[in-house]
Amino acid sequence: MPDICPMKLQNDLVLRAARGETVERTPVWLMRQAGRILAEYRAVREKAGSFIKLATTPELAAEVTVQPVDLLGVDAAIIFSDILVVPEAMGLPYEMIEQRGPVFPRTIRTMADLDSLHIADPEEHLGYVLEALRITKQLLAGRVPLLGFAGAPFTIFCYMTEGRGSKTFSVAKKLLYTDPTFAHALLQRITDSTIAYLKAQVGAGADLVQLFDSWAGILSPEQYNTFSLPYIRQICDALKADPTVGHTPITVFAKGAFFARQAIGQLNCDVVGLDWNMDAAESRLLVPNKTLQGNLDPCVLYAEPAQIRAEVAQMLAAFGPQRHIANLGHGVYPDTNPDHVRVFIDAVKNA
Ligand code: CP3
């Protein structure tokens, strides 16, 4: 097993910013930075044969995780994986359909369905991600921090019940109204699996972990408080209470949940991720004591370089210079020109 002794990081800007320490400049990385924007990623994916093969082959996953550090100059690497590995580890395998996205051939919609699932054992069911983290840690050799992640329980619930992506996730939401007992039981099982998984990620070398609540924005504030926030709270509290993991910063990114910023800001987390609909100044008022991450519209990267630089300057002025990690407000779109991504990153670094 590779040596994962703590190594002093040469660039720990993301971690210092996350902890609220003073930084010389704003750190920057991009959600979905390891992916189809890079020809070098597409070449490795081609070699692997499929997304799932790539994600489950630790050497290849580690290779594409490091690519954006070498090719784009970002201040953090995020492990190449997917949020849907957790349902798979619970006993619900997924498929990744080209041009369409993830599909679960079987769904979980009743207590009887739930009985077929177990709580994920990270070493047994997600060992390939842990091994990818260990290999990545070695390849990075302390250049930048390595970020781990998981889906927030509500977002994972959406995919497990609906079975596929959706604009409304009305099948998933319907269950919140028609069978809340079942919904809570499934959410709890996802939560227990996620706590074990994130602890294991930290054990394998993750320096910070991010929770993606990508579908938070489809809930009403009341539903968010009932079906999403309590489970995110459990995860944050469990990680912070564990002496071997508690020092690791946690980022909570709840896309579309503008109404929940204040409540998320009161969780046992360190960073609150913002999408591009959330105003920087207003977010600072709502979340006064935590670091904010975000939040340029990914479509800004379709603009000419001069406009990208102007938008970055505006973002940095609105957030900065402290307690801010620059990022997009959601994952970078696959048809983005990597040169424009570099313009974005350099504009933050040279500000
Ligand atoms: O950020 C990174 O660079 C790390 C890699 C990463 C992936 N998925 C790789 C991926 C991360 C952090 C994710 C998280 C993820 N996966 C989320 C939460 C973030 C978000 O975007 O809201 C969600 C909702 C998923 C589920 C998922 N995976 C969908 C809906 C899709 C299809 C859409 C798409 O982009 O194609 C995926 C596939 C996926 N996950 C790809 C990548 C690079 C594309 C597949 C490919 O390369 O063939």
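Every residue number used here counts from 1 along the chain in the order it is shown.
Cβ from N, Cα, C; glycine included.
Lifted from TrEMBL, the feature list:
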{"type": "DOMAIN", "residues": "27-36", "note": "domain 'Uroporphyrinogen decarboxylase (URO-D)'"}
{"type": "BINDING", "residues": "Arg32, Gln33, Ala34, Gly35, Arg36, Asp82, Tyr159, Ser214, His330", "note": "substrate binding site"}
{"type": "SITE", "residues": "Asp82", "note": "site 'Transition state stabilizer'"}
{"type": "DOMAIN", "residues": "147-163", "note": "domain 'Uroporphyrinogen decarboxylase (URO-D)'"}
Those binding-site residues listed as Arg32, Arg36, His330, and which of them has the most Cβ atoms within 10 Å of its own Cβ: His330
Cβ-Cβ neighbours of Asp82 (site 'Transition state stabilizer') (radius 10 Å): 16
Count of other CB atoms lying within 10 Å of the CB belonging to Ala34 (substrate binding site): 24
Protein Cβ atoms within 10 Å of Tyr159 (substrate binding site), excluding its own: 28
Where the record names Arg32, Gln33, Ala34, Gly35, Arg36, Asp82, Tyr159, Ser214, His330 as binding substrate, the maximum Cα to Cα distance in Å: 22
Distance-selected recorded positions near ligand 1 (C-beta under 6 Å), from Arg32, Ala34, Arg36, Asp82, Tyr159: Arg32, Ala34, Arg36, Asp82
Secondary-structure category, per DSSP, in which Tyr159 (substrate binding site) falls: helix
